[in-house]
Amino acid sequence: MTSAAAVRSPGRRRAAVWTTLGVIVALVILFFIFAGLYADILWYQQFGFLSVLTTQWFAAIAMFFVGFLGMALPLWVVIQLAYRLRPVYAKLNSQLDRYQQVIEPLRRLAMYGIPIVFGIFAGVSAASRWQTAAMWINGTPYGKTDPLFHLDIGFYLFALPFYRSAVGFASAVVLISLLATLATCYLYGSIRLSGREVRIARAARVQISVIAAVYLLLQGVSVWLDRYATVTDANVNNMINGAAYTDVSATIPGQAVLAVAAVFVALLFAVTAFTGRWRFPVVGTALLIVAALVIGAIYPWAIQRFQVEPSQKTLETPYIQDSIEATRDAYGLSDIDVVPYNATTSAEAGALRQDAQTTAQIRIMDPAVISPSFQQLQQFRQYYSFPRNLNVDRYTLNGSQQDAVVSVRELNQSGLTSRSWYNDTVVYTHGYGMVAAYGNQRSSDGQPVFMEYGIPTQGTFGAYEPRVYFGQQSPTYSIVGAQKSAKSIELDYPGGDNDAQQTYTTFSGDGGPKLDNIFNRLVYALKFQDEQIVLSTAVNKDSQILYDRDPIKRVKKAAPYLTMDSQAYPAVIDGRIKWVVDGYTTSNQFPYSHVGSLSDAIADTETPKSAYAFDDINYIRNSVKATVDAYDGSVTLYAWDAKDPVLKTWQKIFPSTIKPISAMSAQLLQHVRYPSDLFKVQRSVLGQYHVTDAGSFYSRDDAWTTPNDPTSSPTDPTLQPPYYLTMQMPGQKAPTFSLYTTFIPQAASDSSRSILKGYLAVDADAGSTKGKVAPGYGKLRLLSLPSSDTIPGPGQVQNNFNSDPTVSQELNLLRQGKTDVTNGNLLTLPVGGGLLYVQPVYVKSTGETSYPILQKVLVAFGDKIAFEDTLDQALDSLFGGDSGATAGDNNVPATPGGSGGGSSGDAGSSAGGGSSGGGGSSAGGSSSGSGSSGTQSNAALQRALQQAKQALSDREAALKAGDWAAYGAADSRLQQALQAAIAAEGR
């Protein structure tokens, strides 16, 4: 007995050990899960949007239980009924006996386990669709009806998706219940197979018949709902979206017939529960399947093939017209002003006199090119950086509005020479200051002219909080804050030689969860997998942890229902640097509206195309404007489109999270702009839907597209992005800050694609009155060029620039040396009664610390071009010696007064002979240039160019002959000639 106990004791001990280990592992896993959830609560609580998190959690939990119970309970009931109503003395074959012997010990586990497992899967699926249920419960009427069923569009946006989802879920529950019933009845003898004979017990017959009847009823409801879904489906060879002739004449009536037939067959199954005769429901089911094939597929195909296709244009016209009107409504294009524009191509003297204000604001600083200039002139230390693409905004200076290229000096820890947890987390925590350059000016050596610059900040913006704790390049997390008596350890900004006079600061805002107890520190140590959060003495009771610092991500967390614009831009507003972010409400359920991929629509040179995006939409509104404070990360949401029914619905779900427009300050409105992503979507749709006549739309003989960016790679072309400019469109009383794009024909022929067909601009200025949006904001104006006009498009203009003998000679010579030539954005402006093209040309040396300088400006009007050192000179050259207007670079300032900044490293390396930091020698600015008839250059420049040409020829000849000594001598002469040419230009 003792021996047996000894044998059992190790087994019990091992079981106890394994049980203990299992419990410990489970507790650790649960604690990790809890830590993540608790960290979210702390973050949202400090963020001020805890209700957003809890609403999502409660809604998902509620939907989980609905899904769990909706699946598990019916499944458990049918299994229990099938088992309890089994025939007690049924004669089973040997095979079923073996099955029962295997299953019986696990019967109780299976009867509860199977419903629970299926219930969990169903609950998870239902929880993921909480938004669909919430939108159905809180749906808002749209105020318009669809043209076919005459139901409010809100039914399609909010109710129909939920109804179809609910019916689909119920159908899955009933189908799984039917399969479970059949399996249980078979295992326990309620269904017996004897040769060709199938015997079904009465109780099983009733249960199976009722479940089958319910399933067919649900299929009838599903088919009935499918009728309404036809108005949101693609049709007519994807030409339009929504029900077309075949749908209205065949598919929808056929679906109604099938729905009624399904109900009839369901009644036959219900009758069978009492009569026991399976012949009628089985025959009815077979006929239903045949009817589905004939009525649901063959008949619509025949109508389409033999009736519609021979007369498609005539029969589809009313439905195409419905699609045109719905699409323009859904994408905000209903109120667009279309103006015929008979553009002249004659560049006459004084042609720009009536457009003097627009001409003065033409931007020559390309935000996609001059980031290295900001980097070298305003970086100051390697641990600061600027984004690759800068932003365009406007500021009111001395009573007038001025376009500016702006950015913030963000922290870039990859530039630190000494990396450690202490430095990365508690010392280098934030960027510093705004940097802004005039969009229409340049210094004498081609550098940007800064209106706000330096560390500490100086310029025209006045006093504001310059520290950037929340930005697009901020570290993953930083720990900030300390007691008032403690010494500051956060580096604020450098100063003096070798950083001998560095300034330190302590974060004093409320920007992140507090680390005032060991539990919070442990939670975040687990979240970021970093034990130093617990161990470091730099963390104190006043410390805060800042994370999730990207402005777009923060707005997305505050409003998870929004689709975010791809760009956030900084502005100095009410004494703070704030990021302005645009949010959209979207849907793909708008009746008859064109469906397109959002990612495809916004892809261009500035926004790369997403390879795996699933973001088809057919409705979009810029419903929310948001700001993110760069110092403390606080987010404020404003209902920009308060009439949007989708936004109204979400406001019911998340009440008190969005402020009205009346709460927006005057300074904030001054920096609000029309969002570029929305404009890109609208232009992609307008390429086809500018045609409002259904017949013309069907023939697609006037379809447009956005031209490729002339500055993109020929091997991988991308669309030209829209550009922000202050300009006066034909019909406007004064210039406004606008966003524009151009259109060319959508055709396979290269010759036809080069012609400009349309010019779309939107008023992007929201005004400067507190709580009131300017009446013109968002007004779309389309200049439609006559088909007989042959105005060159951006691609053809770029070809003209490149093929001009004088222009190409000078630029090609520059490219042969140790310099790179970069063409800036090719701008198009409707001025002078025609279309003016402006393109800045930048030159930079090939050194690592070089940066682009503005060397020349190319302009074109009609077939004439000019190539000068400044825009003002180029316009005068283009328009017969006097354009009638003055550009912003007519009085080029001296560099010390214009650049206003230093640099890190050899910032002054340039192709123009070198400029150093905030000052330097001139790199252009002479009056030499070329019109369409050639360049009027000084003798020194011509001589230097001839010498360079000869040296290049000699070098090529030496290369072919294999004479390396002669090759080296010729190359040396080429470099000397190029430097002489640049020096001659600078005089």
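Each Cβ is built from the backbone N, Cα and C atoms, and glycine gets one as well.
Per Swiss-Prot, compositional bias 'Low complexity' is recorded for 705-719 (among others). DSSP assignment over the compositional bias 'Low complexity' (705-719) gives 0 helix, 3 strand, 12 coil.
Annotation source Swiss-Prot lists compositional bias 'Gly residues' at 897-932.
Per Swiss-Prot, compositional bias 'Low complexity' is recorded for 933-947 (among others).
Within its own chain, the region 'Disordered' (700-719) has Cβ neighbours under 8 Å at 603-605, 683-684, 686-688, 690-691, 741-746, 753, 757-758, 787, 793-795, 797-798, 822-826, counting only residues six or more beyond its boundaries. Per Swiss-Prot, the feature region 'Disordered' maps to 700-719 (among others).
Taken from Swiss-Prot, the feature region 'Disordered' applies to 886-947 (among others).
For 17-37 (among others), the entry in Swiss-Prot reads transmembrane segment. Taking Cβ pairs closer than 8 Å, the transmembrane segment (17-37) reaches residues 522-523, 526-527 in its own chain, all 6 or more past its ends.
What Swiss-Prot records for 59-79 (among others) is transmembrane segment, and it gives sequence analysis as the kind of evidence. Counting same-chain residues at least six beyond the ends of the transmembrane segment (59-79), those with a Cβ under 8 angstroms from any Cβ of the stretch are 111-112, 114-116, 118-131, 133-134, 169-170, 172-174, 176-178, 180-181, 184, 207, 211.
Under 8 Å from some Cβ of the transmembrane segment (108-128) lie the Cβ atoms of residues 60-61, 63-73, 75-76, 79-80, 83, 169, 172-173, 176, 180, all in the same chain and six or more residues away from its ends. Annotation source Swiss-Prot lists transmembrane segment at 108-128 (among others).
Residues or ranges marked as transmembrane segment by Swiss-Prot: 167-187 (among others).
The annotation transmembrane segment is assigned in Swiss-Prot to 206-226 (among others) on the grounds of sequence analysis.
The transmembrane segment annotation in Swiss-Prot covers 256-276 (among others), and the record cites sequence analysis as its basis.
Residues of the same chain lying 6 or more positions beyond the ends of the transmembrane segment (283-303) and with a Cβ under 8 Å from any Cβ of it are 216, 245-247, 249-251, 254-255, 257-258, 261-262, 264-265, 268. Residues or ranges marked as transmembrane segment in Swiss-Prot: 283-303 (among others).
Among residues of the same chain six or more beyond the transmembrane segment (206-226), those with a C-beta under 8 A of the stretch's C-beta atoms are 78, 81-82, 85, 160, 163-164, 167-168, 170-171, 174-175, 177-178, 181-182, 185, 200, 255-256, 258-263, 265-267, 269-270, 272-274, 281, 285, 288. Here the transmembrane segment (256-276) has Cβ contacts under 8 Å with residues 202, 205-206, 209-210, 212-217, 219-221, 223-224, 227, 284-285, 287-288, 291-292, 295-296 of the same chain, all six or more residues outside its ends.
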